[in-house]
C-alpha cells in the first residue's frame with residue numbers, strides 16, 4: 001500500500017505464527033496512550049493484511065502569518081470594490097442632486113463611522129494599558145469576562161466592514177432607481193445596532209453588553225454612588241454630543257419616512273435644522289454629567305465636584321453674549337489646571 005511490503009521477523013513479539021490468528025499485541029501501549037485516538041493505517045505484511053500499525057498523523061494547519069496576509073488581501077479587495085462602486089454610483093447622479101444626496105448619506109452613516117473610530121481608539125487605549133502593566137480591569141471595576149484589546153479590535157473590524165458596505169449599497173441602489181430599497185439600508189443598519197445591544201441571549205459578549213447598558217442607565221439616572229467607570233463613560237458621551245445629534249436627525253427622518261428624499265430640506269419639515277430636538281440632544285450629555293457631579297457632591301461633600309459640574313454646564317450652554325465667553329474660558333482653564341492638578345498631585349503623593 002505504501003509502495004512496498006514490510007518484512008517482519010518470524011520471532012517478532014508483535015506477530016504470531018502464520019497458522020494462528022494475526023493480531024497485533026499491545027503495540028499501542030508501547031507507542032503511548034495517545035495512539036488509541038489516532039488514525040490507523042493497515043500495512044501489508046507478507047502479502048496479506050495481517051497487522052494494523054497505528055500511525056499518528058499531524059493536522060495540516062496554515063500558519064498565522066499566511067492567514068493574516070489572506071485576511072489583509074480580502075480586506076483590500078473589499079475596500080476596492082466598495083470604493084469603486086460608490087464612486088461610480090455618485091458620478092451617475094445629476095450635479096444638482098449629488099450634493100444633497102451626499103449630505104443625506106453623510107448624515108446617516110457619519111455617526112456610525114465616528115462610533116467605529118471610537119471603538120478602534122478604545123482598543124488602542126486598552127493595548128497601551130496592557131503594555132504598561134496597568135490593571136484597568138480593577139480601575140473600571142470589570143469582571144473576569146471583560147473584553148481585551150484584541151476582542152475590541154475584532155468588534156471594530158466588523159463595524160468597519162458593515163457600515164461602509166451598507167453605505168455602498170445605499171448609494172448603488174439609489175443611483176439605479178431603487179429608491180425604496182435604498183431607503184431601507186440605513187433603517188436596517190440602525191435597527192441591527194439596537195437589536196445587537198439589547199439582544200437578551202448569551203451570545204456576542206453578553207456580559208460586556210449588559211455592563212455597558214447598566215453603565216448607561218446609571219448615567220441617565222444617577223440614583224446610586226458614582227463609580228469611576230460611570231463618569232469616565234459620561235465624559236466620553238460629552239465628547240460625542242454632535243454624534244448623538246446626528247443620530248437623532250437620522251432617526252427622525254426614518255420615523256417620518258424621509259429617507260432617500262429631500263423632504264427634510266423644506267422649511268416646514270419636522271426634521272429640518274430648526275427642530276428643537278437638536279439643541280436638546282446636544283445638551284443632554286452635559287446635563288447627565290452635571291447631575292453626576294451633584295450626586296458626587298452629595299456623597300463626598302467636595303466643592304470641586306460643584307466646580308466640575310459648573311464647567312460641564314458651561315460647555316453645554318452656548319450663547320451669543322460676548323462677555324460670557326471669557327468667563328467660560330477662564331472657568332475651564334481654572335478647573336483643568338488648578339482643581340484637577342491639585343487632585344492629581346494629592347493622589348500622587
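Just so you know, glycine gets a Cβ as well, placed from its N, Cα and C.
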In TrEMBL, which of 52-69, 70-87, 88-105 is tagged transmembrane segment?
70-87
According to TrEMBL, which listed range is transmembrane segment: 19-39, 187-207?
187-207
Can you tell me which of 70-87, 107-129, 155-175, 219-241 gets the most C-beta pairs within less than 8 Å of the transmembrane segment (187-207)?
155-175
For the transmembrane segment (70-87), distant same-chain residues with Cβ under 8 A (at least six beyond the ends):
161, 164-165, 167-168, 171-172
If you average the pLDDT over the domain 'EXS' (106-310), what number do you get?
88
